[in-house]
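J.: Okay, so Swiss-Prot annotates it like this:
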- Ser50: phosphoserine (MOD_RES)
- Cys215: S-nitrosocysteine (MOD_RES)
- Ser242: phosphoserine (MOD_RES)
- Ser243: phosphoserine (MOD_RES)
- Ser335: phosphoserine (MOD_RES)
- Ser362: phosphoserine (MOD_RES)
- Ser364: phosphoserine (MOD_RES)
- Thr367: phosphothreonine (MOD_RES)
- 297-322: region 'Disordered' (REGION)
- 350-402: region 'Disordered' (REGION)
Amino acid sequence: MEMEKEFEQIDKAGNWAAIYQDIRHEASDFPCRIAKLPKNKNRNRYRDVSPFDHSRIKLHQEDNDYINASLIKMEEAQRSYILTQGPLPNTCGHFWEMVWEQKSRGVVMLNRIMEKGSLKCAQYWPQKEEKEMVFDDTNLKLTLISEDVKSYYTVRQLELENLATQEAREILHFHYTTWPDFGVPESPASFLNFLFKVRESGSLSPEHGPIVVHCSAGIGRSGTFCLADTCLLLMDKRKDPSSVDIKKVLLEMRRFRMGLIQTADQLRFSYLAVIEGAKFIMGDSSVQDQWKELSHEDLEPPPEHVPPPPRPPKRTLEPHNGKCKELFSNHQWVSEESCEDEDILAREESRAPSIAVHSMSSMSQDTEVRKRMVGGGLQSAQASVPTEEELSPTEEEQKAHRPVHWKPFLVNVCMATALATGAYLCYRVCFH
């Protein structure tokens, strides 16, 4: 298959970073004026991830129709997705209002609430203890009906009720719970098993509204999920499955939402998932059983997230231009946070072993510039705090820089002695 050959060539050359950069440079750029309005600032999780004006989802609210969500409409594949950010505490009601208004049957969540000690998403559905949630701002009630917990994903059956009309609908919530904090799943088997579970539920069928897909920013993992699904669908529809070009499909999707696929590793994983998924498209139905077996979905799920230790007390830096920067602020959401922080960390922590070191050189300059530009996140705040080594100089350095208090006194004594001796000599010469 052409795609498999292309994958092997790129892998062998260690060229994923360069190809990813090419896609970034070719991607569409459209205005995001509505997202940048002051009144919408607190509805954005990241300051640099905004929906394009032409493809944004509009709520049916009279006062403000904005939500950070985009409609991705793939004409040839006849598939539509709504890609959105993880809801904020103040946008959970808007999220479910969008699900209701767009007549969506399924929600795909690809992140955990807490990752690496940071809050990535609000708890926008009821847990077992509470059973239901009421969103007063949008007049909706959400009830947890059932929960099927597997080793790496959970499927929840929810009931969404419009309290104004008393109408209720079933919503399926597919939660992928073990996607690595930074990077990609170890193999495409578990991912494809999850994707086909979503497909088999009917949540992606055209008789329902677009499926809602989100991670934290709604571009990286969400883009990976939608790209793999669309490419497999196109391979199934076309007479020549090998004619599907993953890069072209991704560029088409980026016309509707910025930044889809955030790292070279995610691009590489998308290729792997499509190549493996193509075996099923080509008629090998046994692979689906293999995916299920390899994914070990019937094992015990990993333990719940253990909260991180408390952060140090808040400290402030010296005033700068009339403002103080707060260190270690533990906000639930900060609109000034930049998604670029995640991107930089992802590049540094989750590079695939197959990517050669020299291939990363094309990214190094860009990464350094962006590191200097990122100013709002915890990473930059921590960078401004001296390290332990900086605060604890060596003994020799301490001796060298220790103030010697007796030196000025000694100098004064010497000068006084010299003056007194000179005066005495003058007296003796002149008067004796």
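Glycine is no exception: its Cβ is also placed from the backbone N, Cα and C atoms.
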J.: Applying a 10 Å Cβ distance cut-off over all chains shown, what neighbour count does Ser50 (phosphoserine) have?
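T.: A count of 22.
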J.: For Ser50 (phosphoserine), identify the closest of the modified residues Cys215, Ser242, Ser243, judging by Cα separation.
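T.: It is Cys215, whose Cα lies nearest.
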J.: Would you count the other C-beta atoms found within 10 angstroms of the C-beta of Ser243 (phosphoserine) for me?
T.: 11
J.: According to DSSP, collapsed to three classes, what secondary structure does Cys215 (S-nitrosocysteine) have?
T.: coil
J.: Ranking the modified residues Cys215, Ser242 by other Cβ atoms within 10 Å, which is at the bottom?
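T.: Ser242, out of the modified residues Cys215, Ser242, has the fewest neighbouring Cβ atoms within 10 Å.
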J.: Just the number: how many Å between the Cα atoms of Ser242 (phosphoserine) and the residue listed as 'S-nitrosocysteine'?
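T.: With the alpha carbons as reference points, the distance is 30 Å.
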J.: Distance check, please: Cα of Cys215 (S-nitrosocysteine) against Cα of Ser243 (phosphoserine), rounded to an integer number of angstrom.
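T.: Here the two Cα atoms lie 30 Å apart.
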